[in-house]
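So that you can see what the record holds, here are the features copied from TrEMBL:
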DOMAIN    1-361  domain 'Major facilitator superfamily (MFS) profile'
TRANSMEM  9-30  transmembrane segment
TRANSMEM  36-57  transmembrane segment
TRANSMEM  137-156  transmembrane segment
TRANSMEM  214-236  transmembrane segment
TRANSMEM  248-267  transmembrane segment
TRANSMEM  279-311  transmembrane segment
TRANSMEM  331-358  transmembrane segment
């Protein structure tokens, strides 16, 4: 039973990660005549909505059920693609971007909680390591392939690119509807939704207060992940400035994303490696990515980006496993969402600083 559940979660990850429109949304908007400043505002809108919706979405998953929220997540993603197709103004695009942010919020926490509870029900918690690594690898490969096809998205135009995303969205909704809810019934189910939400938030806060090491784990993972994510994000603009042929940008980004996929998969074979050593390796790897910028050679920078992405996901998967092992089932989705909330906060704070550094290099 649990194997079918895991396969379905993998299918959802495939349809979620591969997207012609979302992978090249910046370039598609530029092609429509929107300025970099306007696109930057839209990126900020995405993060603000994500920040506001992250923890409430985790509470929804814990209170209403992880399967329902997963289905709703894929429906929201589909609606976002439709909104992009019919968008005619800046604010209609902003609405589509906001809907897309909420789709990520809803999936975050619910997916991990559903997988862990499915394995736990059959006494297979030890296999969560493999699931987390494989799912992350699937997601990275899907994102990398989408990036590689950025040229195709631009040649198709935004309407056709997002139409392809609508089709993929329908498959994703179908796969999510096939999932099985594993959440156990509890006494809170007889209470009102608002009461249950309040209890879930309160209990999650008390858990973090009593377990500072868990909160420390969340913060370390969020900070390292934010630095690596911003490094790869800004390299999209920096590599052509360093002399990389624009036609090679897609393959270069694909290669760096594959570094993340390899890191996510390799960690399952290093279970005996202490987390402290993993943190040190990840920090050194990301520093290597930043130092590669000093040489001014695009190929050195691509290698540095590959190394940074590799160690980021190597650490992220292990941190996700440790987090799920230490948190209670009733607040699992909420607390995983707290992790994503911290990541978004750090992203917002670091983005201007990292952008300033890249301008100076």
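Each position is counted from 1, following the chain as shown.
Positions of Cβ are set from backbone N, Cα and C atoms, glycine also.
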Sequence-distant contacts of the transmembrane segment (36-57), meaning Cβ under 8 Å and at least 6 residues beyond its ends, amount to 26, 29-30, 69, 90, 93-94, 97-98, 100-102, 104-106, 108-110, 201, 334, 337-338, 340-341, 344-345, 347-348
Model confidence over the domain 'Major facilitator superfamily (MFS) profile' (1-361), as mean pLDDT, sits at 83
